Amino acid sequence: MAPFVRRARPKYAAAPLSPACLHTLRVPAEFAARFAGGEAGAAAVLLVSPLGKVWRAELRRAGSGGGPWQLAGGWAEFAAAHGVGAGWSVVFRVERRGVATVRAFDAAGCLARFCTPHAGVAAGKSRPRFIRVLHADDLEKMRIPDEFVQEHLTGTYPSSQKAMIFSPLGKFWHVDLNRDQPGLLLGDGWAQFLTAHGLSEGSILVFRYEENMVFTVEAFLQNGCLKEYEAAAADMTDGSIRQPSTVPQQGDKELGVSPVKKKRKTRNGNTSLVVYHKKPNSSPNSVKKAVSQKKLVSTVPRRSFTKRITGYDLTSLFALKGSFCSLVGLSGACEITLKMLTGNKRSWPVWFNIANTYGYIKGPGWKRFCRENKLKQGDSCTFSAIETTVWHVNIASS
């Protein structure tokens with residue numbers, strides 16, 4: 001079996017809550033095993049609330065011990081203390097054995113704001129979020145909650161025609177925005193996104209708003225468990241459903257290069273592959289050069305990737321696929337040294353971190369690298385990991 005894209009911490013989404021769930025909350029066995037370890041008896045669970053307070057609950061089997069797992073004990077007190085009611089949703093994340101953090105979403109689907117995050121909680125952890133259980137009407141177009149639009153998007157979406165979704169596969173998807181006063185719908189491209197990720201009616205999605213109409217999405221199965229994706233699927237892009245693309249191989253006769261050829265750019269999400277087609281009646285020398293260049297294209301090392309630079313990459317963060325991070329051995333926050341492949345002998349330390357199923361580079365070091373190398377939107381950058389934290393960079397101007 002192909003390796004999974006970097007595993008996020010185990011999570012469970014309960015959406016929406018019925019009145020009975022406010023007293024005892026049924027959880028799937030896969031999630032319960034993280035706490036009970038397969039034991040038949042009860043297990044204590046410490047729930048860390050958005051207020052920074054720790055609540056003690058009990059995980060146990062219903063009935064005489066052979067029924068489904070339920071969260072009881074202090075769960076009802078936790079829900080009451082946070083104003084969680086029927087129609088709300090909660091997402092649990094396992095921090096370690098016996099400890100889980102909890103996020104609560106109100107009946108509109110928006111992340112509930114109880115207070116200013118307590119000391120020690122990073123600002124990025126409190127980004128706006130909303131949750132959505134997919135219904136039949138959401139499979140072609142999905143409505144962003146009106147309350148979320150009014151609170152977080154009113155200053156951005158009037159000038160935006162598209163939203164960008166960073167998927168669990170580590171790819172960016174472009175989805176058209178349809179305005180439906182006073183709301184906002186995800187339109188063209190949304191159905192293809194769902195198909196590519198195996199999502200259907202009953203699936204649960206949690207959207208985290210980054211900024212500038214960019215969202216990161218987590219997908220949950222109908223039973224509430226976090227959906228996992230295999231690395232083999234991580235090559236899918238927003239165009240792959242309609243027109244799959246592949247990297248040319250040495251045997252592809254149609255690929256050739258000569259000094260006077262026509263250039264075609266094949267876009268794959270934010271990455272691009274420059275393909276050259278030789279003219280008819282090419283000279284023997286140009287054909288020989290074409291074979292050489294073709295071999296060069298087809299033997300790009302797996303520890304390299306090419307990405308077309310966007311405005312978001314330059315001003316905010318530069319995202320990397322989780323599969324690439326796993327391949328080169330990146331598993332957490334660290335400093336990466338960038339070096340130019342040719343010419344400039346300088347190096348630039350940049351800050352790297354992991355967020356769910358993808359990695360990213362951001363901060364002053366990254367912006368300095370972009371500025372001093374005159375990197376601009378539309379340029380193509382090839383990154384080659386010489387070591388886990390030492391990368392060579394080659395920039396092809398647009």
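Every residue gets a Cβ built from N, Cα and C, even glycine.
Because TrEMBL annotations are produced automatically, they should be read as predictions rather than curated entries.
Per TrEMBL, the features are as follows:
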type: DOMAIN; residues: 10-108; note: domain 'TF-B3'
type: DOMAIN; residues: 127-223; note: domain 'TF-B3'
type: REGION; residues: 240-271; note: region 'Disordered'
type: COMPBIAS; residues: 240-249; note: compositional bias 'Polar residues'
type: DOMAIN; residues: 335-398; note: domain 'TF-B3'
Mean of pLDDT values spanning the domain 'TF-B3' (127-223): 87
DSSP helix/strand/coil residue counts for the domain 'TF-B3' (127-223): 21 helix, 41 strand, 35 coil
Number of helical, extended and coil residues in the domain 'TF-B3' (335-398), per DSSP: 9 helix, 35 strand, 20 coil
Three-state composition of the domain 'TF-B3' (10-108), taking helix and strand from DSSP: 19 helix, 39 strand, 41 coil
